């Protein structure tokens, strides 16, 4: 028995050797069919307790792994040849490496050296030209172009809207979510008057074209007309708070603006409105004076805009048609035209020039809430939206915009300068950008750790006649900011 058993084992080993030898020979130039045949041959010639199907699956997987290793081996050979070629080129340039063994890091060393060489060449070649570019950019967007002049701090909550009086004395007005409106000295930053007549957030403030009267809209579903009298204080020297416009240093939202800011307690206050306009069934989000100052228009979340007679407080017209809440309203500076904006992605143009006909045109140029639409002195309307675009329209042909500005953040209440027709865009991302009417970007206002807005910027307003501050912005960091924009330099370098 032992002899027969040994003979059988020897025969089996010889048979396995022959099959292994045959397998190794055939594998070198076999096809996929040969591989499967070899697998079956191995299955038949080997003893195993595994089921045949499981053994077949295992062999298939091992074959796939083998093919992957073969591919890697071929790639390795190609890499070695490339390394040798690169070393030959470097040797011709006077740079040599000892050996080309991939395992010894020759590829890594060569790649690092080549990257270093390329970087050095780029620096040497373009250093002078890039320095000129940076210097030119700083020169065009530095303190000579846009400078922070004054901060107006005193509100206890975010500031929704602001405006500048059209009559003397010229003061700044702000409307805040803290239920108050304030009048400020532009030169000193001191609060001159506080209006306390509303019971809700004050969402808008506009000044009468010829008299010392203000129009405010509120979350208490009313709009108020109230008179003011202010005395300007003695101007103080302006501190240099300028910084390059390209400064865009981000910072934490947790800063001194989060603390309780004590409002000015020494300024006089007005508590009673001259005229109260009631008829809306929702928040009054905006209001404006029609040309002449005898009528006002209000926009509300009840999806309607109302036209009132100021002297009698009577409702003259209710402008309905928007499908969702209104967000803003604006009147033409010289004609009886009104434009209303809405969350329904449209803005509407209302024409009151003919007393017998009150026409309306609907414009669908945006894909999200239209946050504001304003008239320019010419025949243009500029609309801003949460869809991150601003569009310029021609009143004579409103079928399509004549210019489209695309931004990286939602656009809030925009304003257009009267003389130079520059658009100021306040953004949700705390930025304020300036564009011309053709859509060319002119500048970005400074924002850094020490200055600029720290929260969403809600509104902008131009005042080109003021020598110290010709642009104002406000936001939910509870402050308004006065800027000095060197418009000639800005337009010269665009």
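Every residue gets a Cβ built from N, Cα and C, even glycine.
Bear in mind that TrEMBL entries carry predicted annotations, made automatically and left uncurated.
Keep in mind the model is a prediction, meaning the values are calculated, not measured.
As written in TrEMBL, here are the features:
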{"type": "COILED", "residues": "62-89", "note": "coiled coil"}
{"type": "COMPBIAS", "residues": "22-31", "note": "compositional bias 'Polar residues'"}
{"type": "COMPBIAS", "residues": "32-46", "note": "compositional bias 'Basic and acidic residues'"}
{"type": "REGION", "residues": "1-46", "note": "region 'Disordered'"}
{"type": "REPEAT", "residues": "152-194", "note": "repeat 'WD'"}
{"type": "REPEAT", "residues": "195-226", "note": "repeat 'WD'"}
{"type": "REPEAT", "residues": "277-318", "note": "repeat 'WD'"}
{"type": "REPEAT", "residues": "319-360", "note": "repeat 'WD'"}
{"type": "REPEAT", "residues": "363-403", "note": "repeat 'WD'"}
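Each residue in the repeat 'WD' (277-318) has a pLDDT score, and their mean in this model is 96. Across the repeat 'WD' (152-194), DSSP helix (H, G, I), strand (E, B) and coil residues number 0 helix, 21 strand, 22 coil. For the repeat 'WD' (319-360), DSSP puts the residue distribution at 0 helix, 26 strand, 16 coil. Helix, strand and coil residue tallies for the repeat 'WD' (363-403), in that order: 0 helix, 21 strand, 20 coil [DSSP]. The list of residues near the repeat 'WD' (319-360) in space but at least 6 beyond its ends in sequence, with Cβ under 8 angstroms from a Cβ of it, reads 282, 285-291, 297-307, 366-375, 377, 381, 383, 385, 387, 395, 398, 413.
For the repeat 'WD' (195-226), residue counts in helix, strand and coil come to 0 helix, 18 strand, 14 coil, using DSSP.
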